[in-house]
Structures are given as C-alpha cells and as structure tokens.
Amino acid sequence: MEPPTSSRLNSRKRRKDGSGPNGATEQDGIPPKMSRRSLGLREPAPFSDEVEIDYSKPYIRVTYEEAMRGTPLDRPVRVYADGIFDLFHSGHARALMQAKNLFPNTYLIVGVCSDELTHNFKGFTVMNENERYDAVQHCRYVDEVVRNAPWTLTPEFLAEHRIDFVAHDDIPYSSAGSDDVYKHIKEAGMFAPTQRTEGISTSDIITRIVRDYDVYARRNLQRGYTAKELNVSFINEKKYHLQERVDKVKKRVKDVEEKSKEFVQKVEEKSIDLIQKWEEKSREFIGNFLEMFGPEGALKHMLKEGKGRMLQAISPKQSPSSSPTHDRSPSPSFRWPFSTKTPPSSPANRSRNESAVTYDISEDEED
C-alpha cells in the first residue's frame with residue numbers, strides 16, 4: 001500500500017515562530033473566506049459500547065484503491081486512531097483531522113487508553129482517563145470513541161470494530177518490549193501514516209510547567225488556591241507572597257518610569273512645536289513691520305500722499321495767463337416793479353433825472 005501524500009493528508013506543520021492566523025504557516029497560505037454557517041457537530045461523539053453494529057453483514061475490508069475512489073455512503077472507510085491524549089492540544093486535533101481526511105468517505109474511531117495501562121507502559125498522566133475520554137469526545141473530527149483501548153492492536157480487536165485502516169505517524173513507536181507496536185499493522189497493509197505537528201506535545205507542555213514552576217505556583221496562590229492544595233511548604237508560600245509583592249512594586253516603578261518618559265517626551269514635542277510656531281509668527285511679524293515701516297513701506301507712501309494733498313489744498317489756484325478776456329456786457333435796464341413811473345428824486349436832481357426814464361444797474365450792482 002502506498003502511503004498517502006502530504007497534500008492528501010491535509011497536514012499542516014506548526015512552527016515555533018512566525019505562525020500566521022490560527023496557527024497557519026507560510027507553507028499553508030491563508031485559507032479562503034467561507035460563508036458563515038455552522039460546520040461543527042451539535043453533540044459529542046458516542047462511545048463504542050453505545051453504538052449498535054449490524055453484525056448480519058459480513059466484515060470485508062476495503063482496499064486502499066477502493067477507499068481512495070470513494071465508497072458508498074452506507075459503507076464508509078472505518079479508520080482507527082489511538083493514543084493517550086493527555087492535556088488534549090492542537091497537535092492531537094490535527095492528527096485526528098488528518099485521519100478523518102484520509103479518504104473521501106471516512107468514519108473515524110478513536111481509541112483512548114486507560115490510566116492503568118498508560119501508567120504501566122508510559123508514565124503518570126496529568127488528566128485522568130475520564131477527562132481524556134471527554135476531551136476526545138468533543139473533538140469535531142471524531143465519530144466514535146473506544147474506552148480502555150488496547151496498547152497493542154490484535155486481529156480480534158480489529159475484527160470486532162471492523163477497522164479498515166489504522167492511522168498514526170510513521171515514526172516507529174517503541175513500547176511494551178517492541179521496537180514498533182504498529183509493525184504488524186504495516187506488514188498487513190492496514191497502516192495509513194499521518195504527520196506530527198512539530199512544536200507542541202504533551203511532554204513540551206509539562207516541561208514548560210516544570211521549568212516555570214514558581215511562576216505557576218504564585219499564579220495559583222494569587223487565584224485563591226491554598227498552599228496545601230499546591231503541595232507548597234510554609235516557607236515557600238511566604239517566599240512566593242513576598243516575590244509577588246516585590247513584583248508589584250517593580251511593576252509600579254516601571255509604570256511610573258514609563259509615564260514620566262511619556263510626559264517628558266510630550267513636553268519636548270510641545271516645546272519644539274511652540275518654538276516652531278514662535279519662529280513662524282516672529283518672521284511674519286517682522287515681515288509685516290518692515291512692510292509698514294520700512295524704507296519703502298506703506299507708511300512712507302501714505303505720508304507722501306497726505307503731504308501732497310495738503311499742499312494742494314492750501315495753495316491758491318492761479319488763473320491761466322492765456323485765458324481770454326471777456327468784455328463786460330452792459331447792464332440790463334431795470335425798472336421798479338409795480339410802477340411805470342420813475343422813482344422819486346430830490347428837487348435838486350429832479351431836473352437832471354427827468355430826462356431819464358429808467359435806472360441802469362450793472363451786473364456788479366446786482367450781485
């Protein structure tokens with residue numbers, strides 16, 4: 001049987017640095033947007049002893065070629081994947097996702113080993129078996145969960161659950177006195193390899209907790225856990241509380257330093273801004289002053305213009321020498337109104353004025 005390619009497995013490796021959205025790397029690319037709809041299941045996967053199997057039909061395994069071409073809807077390819085699944089994380093979920101997508105029509109059965117079996121062959125677990133069963137049940141790729149799964153798969157177990165292929169990473173898994181517990185599965189042509197997600201594992205998570213034990217102990221003490229619950233001695237409890245207080249003081253000092261730096265930076269920016277504005281306004285003021293009071297300023301032109309108008313106002317107009325002279329026209333004769341007679345006169349002048357009928361009044365006299 002040819003192992004499926006990495007593209008068929010739909011595997012994605014996670015790097016420790018430079019991961020993109022939702023853990024995607026540059027090799028994966030950004031997935032296209034999809035319409036908003038519910039893609040997950042509404043209920044957890046059932047346990048194998050809760051699923052009814054129709055034993056009236058014979059158990060006939062499908063070949064790899066038949067599985068890749070696609071099987072009828074009522075006959076999905078039954079793929080089995082097992083593990084401890086302690087501290088269930090994204091590496092577990094990605095492995096199950098690959099197993100679910102091995103073939104077009106896949107029914108994924110996941111076996112979870114019990115605490116007794118795990119402690120004997122691998123070591124102590126953080127989560128108990130019921131917690132691990134429940135975590136796997138709520139993975140969206142799982143169709144059925146087998147509790148108390150065997151450490152080594154026997155033909156009887158494969159026939160009981162009608163398993164077509166077993167999915168696991170291709171790295172030899174040495175345990176229980178064997179160099180590879182999946183060796184007989186590979187020889188039978190029932191092995192379907194998946195790829196491990198690098199950068200995360202249960203051992204890595206436990207290593208982080210052990211390495212930063214003091215940090216997590218202080219964290220839980222601060223959250224209300226007692227020293228007895230954390231198995232912390234009285235001296236260590238006081239030490240953690242003291243460290244917590246010191247860290248708070250350091251944080252306050254650091255906050256004050258950062259705020260003071262921000263204040264100084266703002267003052268510098270304000271001062272630079274004020275200086276620039278003052279320079280701009282001073283240039284504008286000097287320019288306006290020179291424009292008004294400079295040698296060729298507007299004030300000088302205004303004084304010149306006012307002086308000219310004043311001189312013109314106080315200087316008399318000289319009649320032009322070449323103006324033509326006009327002869328004075330004789331004054332029109334004037335008669336006394338409302339009377340046809342001459343005005344009265346003295347007796348001395350009566351004889352002189354008798355001959356005169358009218359008075360001659362010149363233009364100057366009229367004025």
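Quick reminder: no glycine exception, Cβ is built from N, Cα and C everywhere.
Curation does not apply to TrEMBL; its annotations are automatic.
Sequence annotations record features per position, and here TrEMBL assigns region 'Disordered' to 1-43 (among others).
Taken together, the residues in the domain 'Cytidyltransferase-like' (80-208) have a mean pLDDT of 94 on the 0 to 100 scale. Annotation comment: TrEMBL describes 80-208 as domain 'Cytidyltransferase-like'.
Here the coiled coil (239-266) has Cβ contacts under 8 Å with residues 214, 217-218, 221-222, 232 of the same chain, all six or more residues outside its ends. Positions annotated as coiled coil by TrEMBL: 239-266.
The feature region 'Disordered' is assigned by TrEMBL to 313-367 (among others).
The compositional bias 'Polar residues' annotation in TrEMBL covers 315-324 (among others).
Residues or ranges marked as compositional bias 'Low complexity' by TrEMBL: 330-339.
Annotated compositional bias 'Polar residues' per TrEMBL: 340-356 (among others), in sequence order.
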